[in-house]
Structure formats: structure tokens, C-alpha cells
């Protein structure tokens, strides 16, 4: 593998992906995802936007102290205060990057920035020079680049390269471009930019027209050697380019691209499942690579062909992307040390002995209900337990559901708020409705339910049900998750989890005037 054919994978799940409505993660959840991304083999982890809030700064800083192989990056606007906060946040990382940006399209410069092109260039150059005080690895992005004038882009990119930028990122911020135009744009821009051959060119594509992956691949054909993407394509609006699709497209169609990545493809599905569990965003069954149906064959002709020779209808194996990782993990006789070791193997570290003891107690309860415990069960269990460890949270204690044909279901539920036990009862059009009404009779949150979903963690009737609840109130949108072999218990846990984030979680407003690439 040479530098010319090596593609750098820049994962922004923890920054751009987290901007999906309700996908905000706690610091501990971000660290879990970062560890899995490092295991996946991504080159750059964009850990967040350090200047956006104190919580963001803490999360970026914690990831910088945790990750040793991947480069840890923070986004920042082309503003000195932002850049210095980013530099301080990533300082502990063995390998660190600052990613600074400013808008370059005529519409953004005129209406958002209210700056002249010359002023934008001056701000960009100053930003890169400040970033170089903290690290030699500086990325510069031209927000809304694909709607910018190419001659102006060449001028500003040449200026920031001279100032010390080592990576130039060209985002399709609003998902406007189409593949052949993207390839042409990159080819022309790289040639026109002074010293354009001395830096790594990067693509960051949004999926508003469903073309994020196609545009990213086209950018590679046009000379880019870094792709910015997210697990499961998570991101604002219609999302970002998905890391799994880009990586497997390059691997399966190596004959066309001749490009390599450093990704361990067997970690793709585990990464997808972890991000889905933590964010509460389920993966659609027909999603390429990581969807539950990605390797299913219903047609008799297809089934016959696959049985005779797999490659008749499969261009890659399920095992190559990690579907074989649905392994039996532990059983009811497994001890605490075996449990702790298994969590470490899965990249899960709990912050205290108290947290480990609580998770182990939950594991033993689960093992009594479910004969076979799989890796996915442990991920769901730990996510559920970590969500209830906060002392200032809503915590599930117990519930009784009464249903009879022709009668309204009734829910009697016991839970606590800040350690104070509460009891509530309600009837509803169904058991789920009754549970939500019972909780709300005490919580009085005033939140609107946006999404309620249930997914089986593993196969079989003994599987844990993993539920997601999305609540909205004002400009706050939160996701809550719950897991249990009883889906109605999981439902109550998910609703209480969402309420905990809504009432006690720190709000995370964007920094004033911030944009997104």
C-alpha cells in the first residue's frame, strides 16, 4: 500500500452524526463509541466541537486522553477562541488534529458571515496559523464548497496551504452535488490551487439527494484521499456518507478504484450496532452492509444459487463485515471476572466498581431469564445500566400491566426521581399508552412523543427487546433507550431514560453563529 492509493477514513459520528435530532450522547457513551471506532481502524476520530459547550469540551478532552492509535480531532470555527479551546481539548492525544472552517459560497459570505471574500481569506489564514500553534496536523474546510466559485476556492485553499494547513476539506454541505460534477470539481480545484499537490484533499458529503456515498467515491476518483463519513450514515437532515458503504465499495470494487483503507471490516457490524444502540437510531432492515436483510435471500432461485455457490448472488460475505460476531458470550454460571474480561474484549470499560457491580447484577438477572447471552445482549445491557446510573435521573423500579380483551389496559408503575420513590397508575388504548400516561401523570414533562420503536437485540423469542423513545419539548429533542426481555419493562425504561435526558441532561446549544460543514 502506497501513500498515493491509501484513503484516510475520517469518522465524524461523534460530531456531525451527533447533530441528528435526539442523538446527543453522554461523555461515557462517546468514549465507548470512540473506542469502537479505534477498533474499527478509522484514521481520524472527530470527537466533537470543543467550543460548543462545556460538555463538548469535556467529551473531546476525555476521548483525547483515551485514544492512542487514531488521531483525535476537534472542529472549530475560524475564530481564535474556538481554535484555542479545540487545541486545549485535544492536547492530551498522542495524535491530534484541529479542523477549522469558514463558509466560502457567495450566499453564505453575503447573508451569514456578512464578509467580503478578502476578509474571509484573511480570517481563514489567521485561523490556520493559530491552529498550528497547537499541532502540525491542521485541516481547513470551505463550508458549502460545492456551491462556491472555484477560482475563489483555489485562492483561499492556496492561502491556507501556505499558512500551514495539511488537509483541505471540500464539503457538499447541503447535499447539492451529483457524482460526475463532484469528480470534475475536485480535479479542476486541485490543479488550480497553488501547492495543491502538497496536501491531502478531503470530501465531506451530505445525503440530501441520496448521493453522499456516490459523491464521496467520485471525489476519490477526482483526487481526494480522505473521506469524511459516519457510522450508519448518521447526521443532520438526511445524514452523511456512511463509512461502511464507502469502505466496502472500495474493497469490493478494488478493480475500479485501486484504493485501500486501514479498516478492519469485521468490526463494521459491531460498530453499527453499538452506534444504533447508544443513539436510539435503528438501522433500517434493507440498509446496505449493516441492515438485517443485507444478506437475506427470499427468492427461491436466489436461495438455490447461494446454496450451490455463494458468489452467485453475494458480492461479499456476511462474515467479512462482522455478521459472524453474533457469538455466544456468557452463561448463568459465568463469574464476575469472566464478565469483566468479556466487557473489556468488547471495548466496554465502566468507570467504577459500583458501575461494574450493578452491570454484573443485571447480567445475572438476564442469565436467569435467557439461556444464551450474546455480545449484543451485553452492549444493550450496559447501555441500559449506564443510562440509569445518574443520581439525578428517573429510575425504573417495577410495574404491573393488566390487560383483558375488551377492557382498557392498566399500568401500575413504580419509579424514582432523584431517589424519591413515586407510584403512578393509568389506563390507555394499549399497554404502551397506559405506561406513558402513568409516568406522565407524575412527571408532567409537557413533552411530545415523536418516535417509539422496538427492536429485538438477537434472534429468538427469548431475545431482549430494545426500545427507543424520542421526546421533544421546545427546541430540545432527546432519545431514551431501554432493554429487557419484557418489552413493556423496556418501554418504561426507555421513556424514563428520555425524561432523564430532558430534565437533567445538559442542553447543548450550538455556539452562537456556528455553522456545520
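Cβ atoms are placed via backbone N, Cα and C, with glycine included.
Computed from a predicted structure; not experimentally measured.
Restricting the average to the domain 'Pyruvate carboxyltransferase' (7-269) gives a pLDDT of 97. Here Swiss-Prot flags 7-269 as domain 'Pyruvate carboxyltransferase'.
Within 10 Å of the C-beta atom of residue 240 (Mn(2+) binding site) sit 30 other C-beta atoms, taking all shown protein chains into account. Taken from Swiss-Prot, the feature Mn(2+) binding site covers 16, 204, 206, 240.
The region 'Regulatory domain' annotation in Swiss-Prot covers 395-517.
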Cβ contacts of residue 204 (Mn(2+) binding site) (under 8 Å, same chain, 6 or more positions away): 12, 141, 169, 170, 171, 172, 173, 228, 240, 241, 517
8 Å Cβ shell about 16, 204, 206, 240 centroid, Mn(2+) site members excluded: 12, 171, 173, 205, 207, 212, 228, 229, 230, 235, 236, 239, 241, 517
